[in-house]
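S.K.: Sharing a structure here in structure tokens format.
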Ligand code: CO
């Protein structure tokens, strides 16, 4: 019977190809860093959990189910590590869902999402620079974040600002649902008439619906199509952040910090 567990919590995805390339390696790296803990998975998106169950007959626990199961197995010490990017709605939901289980474990520690401290932003920016092409005149790189009404949305601007401070003013960040949106990205591009080529990337852990459709899809309203219509030469790199080893290192460090001091 396992004494200790690490529960890796993701928003989730119904795209099994990106699941294998992003969430699975994050879970694997965290499990390897915490070899005395049994690894478990949970997703926070009810919509995705229902879709996987209905379409694939695949059951994945939500957070309360996973914690209930661990408590029932007699696990006493649980580290929960989210793969969320920001301290936003999904992370708040995770904290709220985990709280009632606190009394059922000797220790329940919850790690931070990707972007919390300044160190996190620096490591994340470095992780991106490890995989981005060198700066090239006439080319700009545009990341698509999700965006949220939650105040954590300011994370996108902070990350872009830091990338610019690191000398990469050719990298822009826009979001699907928050600020800065695609319109702001277009306006800032218009200030750079020398830019003719764009490389688009998802700024999301998985490269699912938003990446495949809203970013790179063939419909006229995708970012790719809209930029092409404006005359840019566009290419898309459909890798979720979970595919980047440097990003996984940040999640691993957060899991280790939570496992070690049991904070929160
Ligand atoms: Co969405």
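Along the chain as shown, the residues are counted starting at 1.
Backbone N, Cα and C define each Cβ position, glycine as well.
A TrEMBL annotation is a machine prediction, not a hand-curated record.
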S.K.: Can you find which of 164, 210 TrEMBL lists as binding Co(2+) at the same site as 146, 177?
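M.R.: The record-listed residue among the candidates is 210.
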S.K.: Is it possible to get the count of other C-beta atoms within 10 angstroms of the C-beta of residue 146 (active site, proton acceptor)?
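M.R.: The answer is 21 other Cβ atoms.
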S.K.: List the Cα distance (Å, whole number) between residue 210 (Co(2+) binding site) and residue 146 (active site, proton acceptor).
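M.R.: Cα of residue 210 (Co(2+) binding site) to Cα of residue 146 (active site, proton acceptor) measures 8 Å after rounding.
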S.K.: List the residues in the vicinity of the Co(2+) site, defined as same-chain residues other than 146, 177, 210 with C-beta within 8 angstroms of the site's C-beta centre.
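M.R.: Other same-chain residues near the Co(2+) site: 144, 145, 147, 148, 175, 176, 178, 204, 214.
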S.K.: Check each residue in the chain of residue 177 (Co(2+) binding site) that is at least six apart in sequence and keep those whose C-beta is under 8 Å from its C-beta; list them in sequence order.
M.R.: 146, 147, 148, 149
